[in-house]
Structure formats: C-alpha cells, structure tokens
Amino acid sequence: MRFGALLLTAAVAQNVVLVHFLAPWPLPELVRSVRQSFLFSLAITFALVWVSLIYGVLFRFVLVPLSLEYLATLALLGVLAFSSSAGLALVSWVAPFSRERWCRALPVVFFNSTLFVVPMAIAAEVDSLRLMPAVAAAAGVGLLCALVPVAAVADRLRRLRLPRVLRGEVVVLLAVAAFALALQQIDGLLASFVHPLW
C-alpha cells in the first residue's frame, strides 16, 4: 500500500508542480503542440529515471557516508551536465545528421525544473535503490498527464479568435489555469482516498 501511495504521490506531485510553479521550464516550448508535449514528456521521463538512479547512488553511497549532504545540489547539477554531454556525444556518434536538432532538444530535456527537483526528493524519501526508477517513472507519467492536456487546451485556444492581448504565451498560461481548476478537483478527490505524502 505504501509503495502504491508513493507512486501516486510522485505522479500527482508533477501536476502540482506544473500548476503552482509553471514548471517544467520552459513551459511554452514543451506545450507548443500535443505531439511535441508527448515526445518531450517521454524524453524527460527517460532522463528522470536515469538521473534519479545515478544521483540516488551518489547520494546514498557518497554524500551521506561522508556527511556531504550540503553538496547535493552541486552533485545533481554535475549529474545533469554529464548526462546531457553524454547524450549529445552518443547522438553525434549514432546520428550525426540529427546533431543540430538534438542540440536544441537535450537542454530542454535535461535542464528543466522537473529534473532539478524530483531526483533530490526521490533520493531523500525512497529507501530502496530498486524502487527509485519506478518512482521516477511514475513522476514522468504524471508529467505526461499534465503536459498533454495543457498542450491540447492551448492548441484549442490558439484556434479561437481571442483578443490580441491574449495571444502568444498568454495562451499557455490560460491553458494552465484551466488545467489548474480541473486539477484542484482531482487533488481533492485523491486526498479523500490516499493521504498525500508531500
């Protein structure tokens, strides 16, 4: 039961982060279209599982035994920088003609607020290394369930004849606001069944 509640918390917390902090940054780039939000969500989920596992090992077996927890943020940034560079090198070797496109996409995948926050929370709250990838994947599913509806609403709003002042990135904020109203009801319903862990 606790493991299920942990997975549910990881998934729902992504929606809470999205609504209350307009994360993950950069939100307008991620919700430019439904297809783009879906692909970015999958890529961020894969990156989240990888980074959470690497950072969890580093946190559990290096930082905590040496009492270096105050370097946790610096360690996470190092893992993100290494992962992004390694991903770019791998893409350059496997598909050199797609390198320019991946150079634009990888910073969005690895350097966003989801990867700045979630791996540290997982390392601090999840006791078993074997559970960390599952919790990270649940957070990625939550991100997918948050971004795709926002992208769909934003796409719908772009098709409407809105006043000029409500066009551009303001449409994204309106979509997030609409999603926030629905999410408030969902969170209230979930809280009545499962006590939130955050």
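From the backbone N, Cα and C atoms, a Cβ is placed for every residue, glycine too.
For reference, TrEMBL has these:
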{"type": "TRANSMEM", "residues": "6-25", "note": "transmembrane segment"}
{"type": "TRANSMEM", "residues": "37-58", "note": "transmembrane segment"}
{"type": "TRANSMEM", "residues": "70-95", "note": "transmembrane segment"}
{"type": "TRANSMEM", "residues": "102-122", "note": "transmembrane segment"}
{"type": "TRANSMEM", "residues": "134-154", "note": "transmembrane segment"}
{"type": "TRANSMEM", "residues": "166-186", "note": "transmembrane segment"}
Fill in the blank from the handout: Under 8 Å Cβ-Cβ from the transmembrane segment (70-95), and at least six residues away from its ends along the same chain, one finds 47, 50-51, 54-55, 58-59, 62-63, 102-103, 106-107, 109-111, 115-116, 119-120, 123
Problem - Sequence-remote partners of the transmembrane segment (37-58) [C-beta within less than 8 Å, at least six residues beyond its ends] - result: 24, 30-31, 75-76, 79-80, 83, 105, 108-110, 112, 114-115, 118-120, 122-123, 126, 129, 132-133, 135-137, 139-141, 143-144, 147-148, 150-151
